[in-house]
């Protein structure tokens, strides 16, 4: 029973004896001992081949067996002994895996093998068996030795292996390991160049050939070796010069035609890998086009599409075609905005100065040479949001590590005498209320400021004339002279025929903050606007006021009259006039259809291959408004000349496909993201494809289930005035339109991105509006504020005033909301004045319209008559700036004001002329601090386009230091953890809020943002940015659903409720409980300090931890990860190589980010 064990122990002890004997013979090293050494090594080889335990004994570190064997190999000159030792090593490294191979490398085995290879080649003819053994071992060792390439070159082994392969082209047994070793050699860029000069390409092209079922393993290795060599630009040029690219294309076609059962997909993909590497250089791309490579790969890929297992071929082909697709110029005269607004002064060295100080005649749309010699490595790392554009930084580069800079410092940038002017905006702290009868009082609300000089003719609902709706809409009054037969309708001659079921505003006071989702609008046909009879034209519209208490079409028109825009808009969009009622159903996040992106990319490639099918017809152009566009009645009609509209140009490329170009922010040459435009003259039941072709961000939630929104006028007239999520086949990917270095921050070779979606319209000759997100205009805000003020009750202290005027001459409203004091007694007045201040703001970025909807929810809650709202008003004094950037909102900007700058980057040192809203908002905060009324909470509402859920960014010294790479002890940092209370409350109360997405890290690139400046300079510990997703939620009650206006307004009201609960933790009566609460949070914070998602998502999270798609298409088109310049030449490929002896397919890295 114990015999096997005893035998094993005996064999183990025997091999140890043999190793000792071999070591002794090595030390004696007498020539006469060759026979003895040969005999001992033979016995060891036999034992290793037959006993697993023997292999373990010899290969273990403690036995010293590896050193003894390598020493024998280095010293012996006997052929048979050498073969025996090589056999021993082959057995050890074959079964032992990486551990034994690592031991072999660490003991200098690689150098000994290479020296043996070189010395054996000097005595021709070389022994075939010896060379076979050496190369078989090198194949195993090479990928594990990080310096293998350098060692091979220094020992002179490169040409030895190459010559051996050259003279054994028909000897497949020896040729295979030679090619495998050459593949490992070539992973070093210097070696690849050297082998190319020595004729390696020519040798490999003698092996690579047309379809054959023989020696497929050899062919695969040869192709992989060739691909490795072609990573070198010099070798790629050599391949082009010798005409190898057409040869590869012909070989690929031959394999494609003959491999009908798809048994050799790996070989076909390897051929594509060679083509891909050649096209990494400009000369290669040119040769590819000249060899009809686009057509060849397009046709073969099209034939592969029905077979799912051929996706790797389609993906690689797509990558090559997109890389070789010629860069196109955006069809624009300039990338600067169509509209120009002269500034009072232009700061030297700023972005606007750079924009307008370009030499005359400079083309800012595309560079003279937009292609670099090497392909672009996609390093776009533009980040989102609150505070964007951090550049290309590693995880800890942007985190502030200077404790002195992190500690809040209250700075008096202006003397108090200058700040006294803001006392006017804080009258609640000085009013005595002696003249108010508290038994029968109403809040004194100043009337809305209406300047008759600002009134201009306004025409309601817009679009180009459409046969189906021409009798339902008033005519447009244009700034251009009218033809004699045109008779414009005066605004005053239009009356709104409301339905009889409308309700008075007074009946809706107590329902504020809640939309009546299930209310029905009585249907009925609409006769529309009669312009050919009668003295008065009547437009019957749905009575949205019955559903939406704060919307009044007539009042909206009055508000539009006093709104100043740079283009001088005289038109009103239907959705803004009719209003939007939130849907009473949930809209799920769109499930991505497999292959949709690939299909869109192939359709783009067809433009080059079948260029005669492209119409290229301009149907809308803001750059050329004076010249009429030809219209055959078949094209869609576009318009964006209304408040917040943004569409610069529309080009019909196919019968039902349109390329759309967005306008830059005014006084800027980029920020193309927000869109809002109108479409008419459509056919029902037809799939229309729209491509927005000048997007700039490197990724988007459109890749993760977000849809555009659409408003149908026909549906609104029929009783459904809703913005709805729409669009299928939605994806976002890099296109072939070049971005100039002027627009890309000095970087050359950049491209724009396409956001594409497909829509099928339901009604003939409808008028539909499309937007990036639910529009919320400045005029809509003014309307809502006036309706809110009209609904104010005696218990509410409400004051609305303009803090300042914007650059464009629009007022920036400031609201003060709290509860009236119970009486005019000193005690009640003192209680009134001692309430903490809450400062809220929103819409500093015009394209983040969701922040306005959240603010609307907060305002409606604050003005409602619910007990919670009354309690909240009694707890705090609210200072609210609902729109920090009215000019940007009005003029359809995405991020900037008329100054051409991101206002959320100006809080450190705002300019009174260029950034008046920020200047005066900061001054008001400074006044509050100077008078001892520093806000308890500051929160700036934002929107986030590349993350889901609602979350917050705050400021913490401890958490910032924890996330930095500086070894700083935080034990001595005393920090009140109260900044975490409000986010934690929100996570418990608001379904859309995600605490795990919050971050409290302070970054250097954010030092000029509202959140950081108010925390650092004003001393507000609870200073936040609250980000609301533009897409939807992936957790909680709304998981899997896109977000709508009702959810956003709910978030605003829940924020107010969280402030009410926050009072418990900040009230002096609750300090004991508050301290224990903070202790719990301290422990919780320590538990989570090492969780990766605590790092600031504002800077580093690009893909928002979204799951990868099954569709492995690289949206960037030019991903070239293997050419990472940061890696050492010897480390660039060696460490990642698969086992060369395996024919398994190399993993394809062209995955969608």
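Cβ atoms are placed via backbone N, Cα and C, with glycine included.
The region 'Disordered' annotation in Swiss-Prot covers 357-400 (among others).
Annotation comment: Swiss-Prot describes 364-389 (among others) as compositional bias 'Acidic residues'.
Positions annotated as domain 'Peptidase M14' by Swiss-Prot: 774-1063.
Swiss-Prot lists 845, 848, 942 with the feature Zn(2+) binding site.
Counting every protein chain shown, 29 other Cβ atoms lie within 10 Å of the Cβ of residue 1027 (active site, proton donor/acceptor). What Swiss-Prot records for 1027 is active site, proton donor/acceptor, and it gives sequence analysis as the kind of evidence.
The compositional bias 'Acidic residues' annotation in Swiss-Prot covers 1108-1128 (among others).
Taken from Swiss-Prot, the feature region 'Disordered' applies to 1108-1153 (among others).
Feature annotation from Swiss-Prot assigns compositional bias 'Polar residues' to 1141-1153.
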Length of the line joining the Cα atoms of residue 848 (Zn(2+) binding site) and residue 1027 (active site, proton donor/acceptor), in Å: 10
Model confidence for the domain 'Peptidase M14' (774-1063), as mean pLDDT, reads 94
Within 10 A of the CB of residue 848 (Zn(2+) binding site), the number of other CB atoms across every chain shown is 30
What's the CA-CA gap between residue 845 (Zn(2+) binding site) and residue 1027 (active site, proton donor/acceptor) in angstrom, rounded? 12
Kindly assign residue 1027 (active site, proton donor/acceptor) to one of the three DSSP-derived states: helix, strand or coil. strand
Please report the Cα separation of residue 1027 (active site, proton donor/acceptor) and residue 942 (Zn(2+) binding site) in Å, rounded to an integer. 5
